[in-house]
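To keep things clear, I will list the structure first and then write my remarks on it.
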Ligand SMILES: [Mg+2]
């Protein structure tokens with residue numbers, strides 16, 4: 001199943017060494033050519049092409065690269081005004097230091113840690129270098145944050161003269177040699193399991209989850225492995241007696257949807273290893289979005305909602321002005337420790353309506369308002385098209401049709417009297433807080 005698992009379950013024809021890239025004819029624990037223990041065997045190794053690549057302890061790794069004397073010391077990136085751990089190196093992690101931990105607690109666990117203030121500019125530069133190297137492998141690179149991305153390598157074998165698995169192993173070596181940090185690679189057939197795989201054997205990991213073992217592998221895992229199942233939702237599931245993905249695998253789709261709404265659908269599908277989300281290359285021009293950075297971090301749903309509403313209206317106004325619409329709504333959040341979360345949802349039809357963008361964003365936001373402190377929120381739409389077929393009159397949902405008509409009326413008033421002539425309930429009276437204090441559009 002995994003690179004580290006007994007070779008008996010693997011096809012011995014299908015292996016290579018991650019250090020010297022030599023093919024392995026026999027499933028042994030060490031490389032036939034160089035003796036390295038970092039050999040990979042997997043029955044689907046040469047047919048899988050969807051990867052998730054994640055830099056290991058990224059900020060800390062960059063600092064250690066630049067200050068080699070810190071190599072064997074526990075290093076924590078963080079502190080400053082916000083007073084939490086952004087990234088801990090693996091030595092500090094072994095002592096119990098975790099991301100987002102208050103700094104005083106981290107130093108209790110690891111008193112000799114060396115604390116370094118984050119140098120975001122430097123990390124962004126290094127992150128861009130890594131991304132450029134990814135884009136040399138395939139045009140289908142979808143960044144998730146500064147240091148991780150999905151890559152779809154399907155159809156690239158001719159270009160590279162070798163299968164995706166070998167391309168990825170070679171990439172990991174190249175990043176170590178040229179940039180001086182390490183990455184972990186997850187290889188699978190879908191996004192969900194590629195991400196799970198890259199997390200599995202950090203640092204310097206290379207894990208494979210094939211279709212053959214997906215369901216049995218997932219059965220033993222906790223529900224929190226599923227994307228979108230945070231602490232709060234896991235607690236809800238635990239109340240219902242559901243702790244493992246295996247339990248979800250025995251439940252019917254209807255039952256899960258009745259209990260948990262749209263999240264139930266996700267539970268049903270992902271628990272069975274079903275995930276058909278595509279890797280979308282990140283082209284700024286192909287989305288319309290608006291985002292804002294707060295003066296002070298916000299954590300509660302109630303605080304974030306009016307800002308989301310105002311941003312949705314802004315995006316909608318730009319779509320309407322350009323005569324375009326988007327089918328995928330994207331919510332972006334940046335936490336106090338600079339981690340970026342993006343959540344997407346595809347709609348049945350493209351939209352240009354603030355109400356649809358907002359209500360979809362609200363749904364996505366609800367699950368992310370888990371106590372995390374955020375410094376930025378953004379909303380946008382992608383999968384753009386012209387607006388000819390956007391927002392068809394929805395005869396089933398009379399409510400949404402009425403809202404669309406009302407929105408048309410509000411637009412008309414705004415066009416006549418200016419943007420602030422009409423405020424909706426979500427933003428009305430919220431003053432400067434409801435309105436983004438500072439807005440950067442992209
Ligand atoms: Mg990382």
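FYI, residue positions are counted from 1 along the chain as it appears here.
Positions of Cβ are set from backbone N, Cα and C atoms, glycine also.
Per TrEMBL, these features apply:
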type     : residues : note
ACT_SITE : 148      : active site
BINDING  : 54, 147  : Mg(2+) binding site
DOMAIN   : 50-230   : domain 'UmuC'
SITE     : 59       : site 'Substrate discrimination'
Counting other Cβ atoms within 10 Å, pick out the least crowded of the recorded positions 147, 148. 148
The domain 'UmuC' (50-230) [mean pLDDT, rounded to integer]: 94
Using DSSP and three states only, what is residue 59 (site 'Substrate discrimination')? helix
